[in-house]
């Protein structure tokens, strides 16, 4: 059971309206009246949300690194010049990836120039090398496509269908749709290369770019590429359209194809999800009625869509009504349902009620899983109950529950929010030492903290650490760094990152540009300010076309 006595203690914990001396000090420390617990003195030092005291002059030192982590940081920072290992070996395979990555980071204006630079080196492509490099540059289509074309031209190497699909997805993500279609046509000349997975990537990227009609047309054309239009394919299209913000188009394709392609219960759940997201509960209920007419009983996913939307609206009375309706119809809520309710109660500030969800969950015979624990940690961390959050984190392996990236991300985010720099970095190191691979969200809180504290050496370490974990910097990552560095007065660095993101074909948010323009003006950097203003005018004109 979930920390046999620990959860009981959490549920018993009530937030006193009176401010005692103990919790007054915690309010001062954390700025949160819900923080009422103190750190246990018998925990090992690294388990506490407290760090080694930092020297007073560290705040003015861009190169400062926590001493206990200095060696780890130094070994992960990439050198400025690519170094090719003397002889190929398994041990050197990562060195090859790093060497290619260092070369591609120099930025090129066209895929052809990337190929020319690679030809001057002694690199030899392999499936693993190509796959890793493409993942590292998945938000930089020029470098990725140039490397892809160069590798394809090398003697003794042939791209696999998986590598082609990865390149198709990169071009779609970067909205280079003409090149994406050219690649799909090229794949169609290779037997068995174009599959539903390929077309799914095409449809999802088009729908995400709000090119809904083009996504539907891609579905219509699937037969040209030897891909069957069946229920699974239709569900992929509908899901892409809903996630791309148009349940109306998803409904449209159902009307167009339902006479030729049978629908499944999943088809109706996609529509229910879409209508709920659009806050159109009448159409969501109608989709549920259509589901029944077609011989499918609404399941836990059907009802959880309603629950999730009512939770977002903080209408917990209707949440309870849907839960009662579920049970009355013989449909037992699952861990996803309870996790949804719990985290939204926590976000609404109803922490005690959020913790009580576990008791309801237990009474339904539902076992707490990794997402449930991660959400519980989030709620406790947000409430300032740092020791409780750590206790839950430590209890997970004892209960046979695996910590995933979201679990670690939540702990890292909590540590960063409370300026626990050493704790946050040690959690990242623990992920590296274990089998839990970080994702782009893992780094966001750490990067924000580094910008705020002006830890430029650690910032470079984190960016190189991302690259070594095959994580490409996306628009959100660049934007948070530009904004964070502006706030901390590092305007030159903020401008440098803006140039880098634009060189990769990314379009900055107007608010990010406005913030940078204001900071450049305050620093009398008139030349840079004019460049950013021209960029802003260009992007606004594109939007209005």
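Heads up, the Cβ atoms here are built off N, Cα and C, so glycines get one too.
Predicted automatically and left uncurated, TrEMBL annotations should be read as such.
Marked as repeat 'PPR' by TrEMBL: 264-298, 299-333, 334-368, 369-403, 404-438, 439-473, 474-508. Taken from TrEMBL, the feature domain 'PROP1-like PPR' covers 347-516.
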When pLDDT is averaged across the repeat 'PPR' (334-368), the result is 91
Per the Cβ under 8 Å criterion, with at least 6 residues separating them from its ends, the repeat 'PPR' (474-508) contacts 107, 139-142, 174, 176, 440, 443-444, 447-448, 450-454, 456, 459, 515-516, 519-520, 522-523, 525, 528, 532, 535, 539, 542
Per DSSP, what is the residue count of the repeat 'PPR' (474-508) in each of helix, strand and coil?
26 helix, 0 strand, 9 coil
Residue counts (helix, strand, coil, in that order) that DSSP gives for the repeat 'PPR' (439-473):
27 helix, 0 strand, 8 coil
Using DSSP, what's the helix, strand and coil tally for the repeat 'PPR' (264-298)?
26 helix, 0 strand, 9 coil
